[in-house]
Each structure stands twice: as structure tokens, then as C-alpha cells.
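J.: Let me give you the structure first, and then I'll get to my questions.
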Amino acid sequence: MAEPSAATQSPSVSSSSSGAESSALGGGGSGSPGACPALGAKSCGSSCAVHDLIFWRDVKKTGFVFGTTLIMLLSLAAFSVISVVSYLILALLSVTISFRVYKSVIQAVQKSEEGHPFKAYLDVDITLSSEAFHNYVNAAMVHINRALKLIIRLFLVEDLVDSLKLAVFMWLMTYVGAVFNGITLLILAELLIFSVPIVYEKYKTQIDHYVGIARDQTKSIVEKIQAKLPGVTKKKAE
């Protein structure tokens, strides 16, 4: 007699579970295409901040960061590092000292006791806890170990095609280094970082179409090269 009751309850259970799944899928799939991906409560903070910065979500904030870093890189291209750092520190001290003196004069004239103008910032706790330090070190060690494994794999020729790709890339970089210096490459990299993502977001369909064609052509060429290289076909068969 228990079987009919179970059978009558199963549709409701299945419908509720399917509703929960659809709601979960709807919640996970909601959001605009350019929205920051869900990376978790801890990692989403910095990742989403960088994502919003390069996608110009806040135009004023991105413009300030882009303009400041670009001016600094252009200054480094024209002057030495010591001169740029010294001028930056002098400019910052000029602003803070002038504001400090101005507020002191205003307080003396108005006979007010507002205190130090930067007291709110002086009271901020900027000490780095040992736990936070260890978290940063552990996160950095993950990337360092991954980079070391990749370097060993490429230089010890675990995969011949990957090592050849690195050799060709380094050969091309010799020509790039003959034309551009490090500061020029950093300036170009910043221009690309702050322009390519927003352009890709606007013309995603067209770009993906041409990238797919180029990827297919590259894949076919790599397969032809792998077929002619000794030992590569045997390794893939194993």
C-alpha cells in the first residue's frame, strides 16, 4: 500500500527538484555578457575589480588609472627612474604639505580645533597580518611552481612542438627587441590592455569568427608538422 503514495509523491518531488535545478541554472546564467564572472567571495574582489577596470565600467576610475600609468610610463621613457620617482614624491609632498599648512592657517583664523587634516588616514590600520602574508605567499607559490614546471618542460623538450614554438617566438622577439625597448613595449601593452577588451566586447561575434578560422588553419599546419616530426606520432599513438 505504500507504493501508490510514493508514486503520487514522486511527481511533486521531481518537479521541485527540477525547479530547483532550473532556478540554480537561471541564477548562474543570469547577468550581462560583460559582467564579472563568479569566482567566489574571496577571489572575486580583486579579480572583479580588475575586470571592471579594463572594461571601463567606471569611466572616471579607469580614466584616472589609465592616464596616470600612461603618464608615468611616458616619463620613464624620457627621464631616468630616479628622476621620475623623485619628482613624483616631491609633487605628493607639495600637495600634502600645502594642504596641511592651509588647514592650519584656517584653524588659526577661525579658532577651531578640528585637529590634523589627515587624522582619519593616519588612524587607518595598514599593518599586514601574518595570516594575510602567508595567504599571499601561498598564492604566489602556486604560480611560481606552475611556471617552473612549464620552464622545465619546455627547455628539456618534453614536447618537441611546444619547444619549437618557444624557439620561434624567441626568434621573433629578437626582431621586436631591435625595434622597441622595454618601456615602449610596456606602453603598447597598456594601450592594448585598456582597448582590446572593450573592442572585443562590442565586436565579439565578428572577432570570434575570424579567430576560429585562424585557429583551424593553425591547427592543420601544426598537425602536418607533427606528422613529419620523428617520434611525435609514436608518442601520440601511445
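Any Cβ shown, glycine's included, is placed from N, Cα and C.
Fair warning: this is a prediction, and the values are worked out from it, not measured in the lab.
Just lifted these from TrEMBL, have a look:
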- 1-24: compositional bias 'Low complexity' (COMPBIAS)
- 50-238: domain 'Reticulon' (DOMAIN)
- 1-26: region 'Disordered' (REGION)
- 64-93: transmembrane segment (TRANSMEM)
- 178-200: transmembrane segment (TRANSMEM)
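Can you tell me where each of these features sits in the structure?
T.: For the domain 'Reticulon' (50-238), the predicted model reports an average pLDDT of 88.
Residues 53, 183-184, 186-187, 190-191, 194 of the same chain lie 6+ residues outside the transmembrane segment (64-93) yet bring a C-beta within less than 8 angstroms of a C-beta in it.
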